[in-house]
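To start, the structure itself, in structure tokens.
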Amino acid sequence: MASKYKGKSAANRPDNTRAAGPETSTSQSRMDLVSNALFAPFTHKKKNSSRILTDLAPVIMTPRMMNAAATVSSRSRGSLGGSAPGGSRLDFATLGRAPMRLTLGNRRITSRDLQIVEATDELLDADIPEAEGVASDVSLFRGFNATIPSSEKNRTRRKQMRNVETPRIGLKKLGMSARGMMMEDEEERSVASEDDVVVVTRPDERGKRKGKRRGRESLSAAKALGKDELSRQTQEILLDKENLHVRRSLINSEITEIINKIKALDSIRDGLEQDLLKLQEDELELDDELEGVRERMEFEEGAFRQNDKSKPAPSSYIAPSRRRKGPVFLPSEHDDLPPGVAFMTLESHITPITALDFSEPYGTLVSASQDDSQPRLWDLMTGSAIGRLRGHRGAVKCIQVEDNLCLTGADDGTVRLWDLQLVDDDDWDRDGLTDVAEEVEGTAYDGELVEKPNGIRSSEPSEAGTDHTGPCIRSFEGHSKAVTALYFEDECLVTGASDKTLRQWDLATGQCVMTMDILWAISHPQPTIPGNSLPNHFFPGAAASAGHFAVPTPPYADGSWEMYQDFVGGVQFWGYGLVSGSGDGAVRMWDMRTGQAHRTLMGHTGPVTCLQFDEMHIASGSLDKSIRIWDVRTGGTFETLKYDHAVTALQFDTRKIIAATGENGVKIYNRTSMQHSSLHTNGHTQPVERLRYMDRYLISGGRDAALKIWTL
Amino acid sequence: MPTELPYAADAEISLTYDELEVLRLQYEKELAQSHVTVQTKFNYAWGLVKSPMRDHQVEGVRLLQDIYRTEPTRRRECLYYLALGHYKMGNFTDARSFNDLLLSREPTNLQAQSLASLIDKGVAREGYVGMALAGGVAALGTLLVAGLIRRATRK
């Protein structure tokens, strides 16, 4: 009855198989588990059975016979997936497999079985490329035969053949005592023959024996191997050599694989290091942002407090924006701009740009060009010119804009302070001829556009006396030669001029507070600083003390050059500390309380053309085609960046240095990754002369008289 | 290019326990170094497949599948070994699919052809067993039915 039951369920099983369909292996396993449970008393592990047999008759159960016994059962057992993925074919094979599985015992279905089965399908789909490289030279099977332990057995066999039976020499004792170990009482056997006694052949003994001229026969003579054996050995040796060859090629291929892996890992590591650098950069940016936000917090608190008092805000109420590092407010569309492309070009000038500055991104830009005494005003939101600053009698060489205040220094030796809000829209060209009798409105603006009531339009600038009307609020006179560098903050202004002096002015009163003579500083160098014992004339063309200062610039990228005559290339101050860069190639640090230069930083071999410092570094660019970064505290040089042409303008922050280096592209140096890059898409067609940036908004002016605006 | 493969009979000859042990140790040593060479893996897998124990064979096939997955250059040989492994375990359908794939790539391979015939023979044998079983069940069934009918008619 039991068998009938088995038969019935076996017949049912294939039906289940058919019904199960796709969910093959799992359903089968459930069935198997159930059948296992039912037939547990009848089944026993195959392992047990063959182990029992092995124990009983180890001699009989050679591997061969064990295999034979096992394969019968295993083959006839069939597997889970075997029947199932074959589809729902109810055929005799399936049927035949079933009872055997039940009767001959069933292993627990392990996850391994399932794994194999499930993997089959995906493997069959995998691509099979042509074997190449080592795979075609050495098949796996060959490698197997070459590397399994039994490949050594021929060699060991040959060695054993060469073993010669000799009387006991006691080598083991020798070895043990050579290693310094005590022999256990293995050598209890008494020394029977004299050979046991021989330990180390001492020279005198050998000499004795030589005399006898008998000698011992060599070991190899004692044994005869026979021709068959020897030929067999030659064959085996040849085979072993082949095996060696196989193993060698295997190892070589492994080595190349490892080399490739190492390369891949190395490149991954490089990528990660780059990421680390980027993170560092981001951190610096965040630090700056934090500072900016804090400043803004203070400002807003102050502003709102003032609003309660409802008095007109004074013109310079914001913390000096030149030192503001944090993010600025930009229109939201700014983010859409592609970086590194000049998205706006302002063209109106006809000569190379000599100075530019702007109040804020998308605010007001003031720019001046060579031989032009009237800097132009631009509205950066629309990109159109909105006016000019008329008043100077010489070309404007330096400009600084802070909100609505603008200071310009010109060739006529004067510095003028302008209120940009008072500049009216001026759409009349210098050469414009339209005589329009325009009513003079509220405030007379005769400092600006001169409009005589009789209709004749005169473009002559008014006299310097009209300081209090019109945009020019104040004029600072005192320098005898062109003012080439200026810097102002709050109420204090410092200017540098070609008369080789620096003057400090009070903005409110217009008076010169102090004059610092560079020539004097050159001829009276501070002796205390080590390394300051170099002569004052750092480079042949200096002629610093000899009157007119003029140095030929090295050629720009387009080959042009000119005479550089600005003795003071750049000034900046903070608190009482002033830094100036001058035509003798020296960067001087002054104390504005005493008016003395307390430190001179030497290193440049050409006139310094531009300068900036922050709490940690001073950056100076010069005609010697280099930018030097100095440490503010010690005066040592941190870095020297070399370029191909003279550096004419620079600006830096913790993360980057942007410089105009006599090429058409604006050069950017990333300080964290130490990479150079250049902005040239839709850029200038002639070398860049001046630049200024705030956060991600950069304006550059070049010798092509164009002003280009970039997103960083 | 003809692949060098062992005949199926070679799979029946298993290694000694010691040899297998050596292979296993070699494999695990390389595993500990986290760089297992293909040859070591194959050696161990092939030794396992040759063994009579079903667990070993399963493990061997699993390792061969790993090799198949990770080494595209070795895939053609692995097809044969996988077919052989499945054949030993009795998964004739899997064995046949692998072997057929190999034969489609290399129709002239003698070992693959012999394995194909072996698989056919195995399937046929199971078929006979099944036929016998079906016949037996049918016979039993008829006996039962006859007995019932007789009982019924007798009553």
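Just so you know, glycine gets a Cβ as well, placed from its N, Cα and C.
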Worksheet item: Pick from A:300-325, A:456-481: which range does TrEMBL record as region 'Disordered'?
Response: A:300-325
Worksheet item: Of the ranges A:87-121, A:262-296, A:612-646, A:647-681, which one does TrEMBL list as coiled coil?
Response: A:262-296
Worksheet item: Over the repeat 'WD' (A:601-640), what is the model's average pLDDT?
Response: 92
Item to complete: Six or more residues out from either end of the repeat 'WD' (A:346-388), which same-chain residues have a Cβ under 8 Å from its Cβ atoms?
Response: 321, 328-331, 334, 394-404, 406, 408, 410-412, 420, 423-426, 430, 448, 461, 686, 689-692, 694-697, 699, 701-709
Discussion item. Is it possible to list how many residues within the repeat 'WD' (A:601-640) are helical, extended or coil according to DSSP?
Written reply: 0 helix, 23 strand, 17 coil
Fill in: Counts of helix, strand and coil residues, the repeat 'WD' (A:476-515), according to DSSP
0 helix, 25 strand, 15 coil
